[in-house]
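Undergrad: Input: one structure, supplied below.
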């Protein structure tokens with residue numbers, strides 16, 4: 001199973017691809033899609049959609065996992081993040097891929113074993129679990145964590161059904 005994890009954002013959208021073979025998780029690729037902060041929101045969303053569509057076409061994942069929105073203090077930021085999430089989900093659905101969503105607490109629990117883990121702990125565990133030489137760029141590391149969460153949760157759902 002090849003999983004595309006996405007950490008959506010209107011400024012930077014991180015992506016991470018992993019391959020689950022048996023009980024092993026293998027790193028395939030990771031990166032970030034950057035948008036121009038001075039560009040209109042619609043143009044930024046198109047940049048995100050086009051970038052994720054290219055990643056999907058290049059790597060042919062079998063599923064997509066997206067970080068679910070959190071409750072934000074700034075309503076405008078939350079709305080913009082919601083737009084980025086929608087575009088990320090649309091890229092997956094338009095490629096006929098199943099799309100799953102996970103909260104930050106679920107991701108941290110799956111990766112570190114503690115739902116309130118600090119970001120550096122999550123980044124370090126992603127590095128260890130995927131045998132990376134160094135910690136990935138922050139948004140890409142978050143996306144890899146979402147993909148790892150999906151790999152673990154998908155396996156658990158398989159066992160339960």
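Including glycine, each Cβ sits where the backbone N, Cα and C put it.
Here's the feature list from Swiss-Prot:
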type	residues	note
BINDING	7, 139	Mg(2+) 1 binding site
ACT_SITE	7	active site
BINDING	67	Mg(2+) 2 binding site
ACT_SITE	67	active site
ACT_SITE	139	active site
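In terms of burial and nearby residues, how do these features look in this structure?
TA: In sequence order, 13, 14, 15, 16, 67, 139, 140, 142, 143, 146 are the residues near residue 7 (Mg(2+) 1 binding site), counting only same-chain partners six or more apart with C-beta under 8 A.
Taking all protein chains in view, 25 other C-beta atoms sit within 10 angstroms of the C-beta of residue 67 (Mg(2+) 2 binding site).
Residue 67 (Mg(2+) 2 binding site) falls within a strand segment according to DSSP.
For residue 139 (Mg(2+) 1 binding site), other Cβ atoms within 10 Å of its Cβ number 23.
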Undergrad: DSSP on residue 139 (Mg(2+) 1 binding site), three-state: which is it?
TA: helix
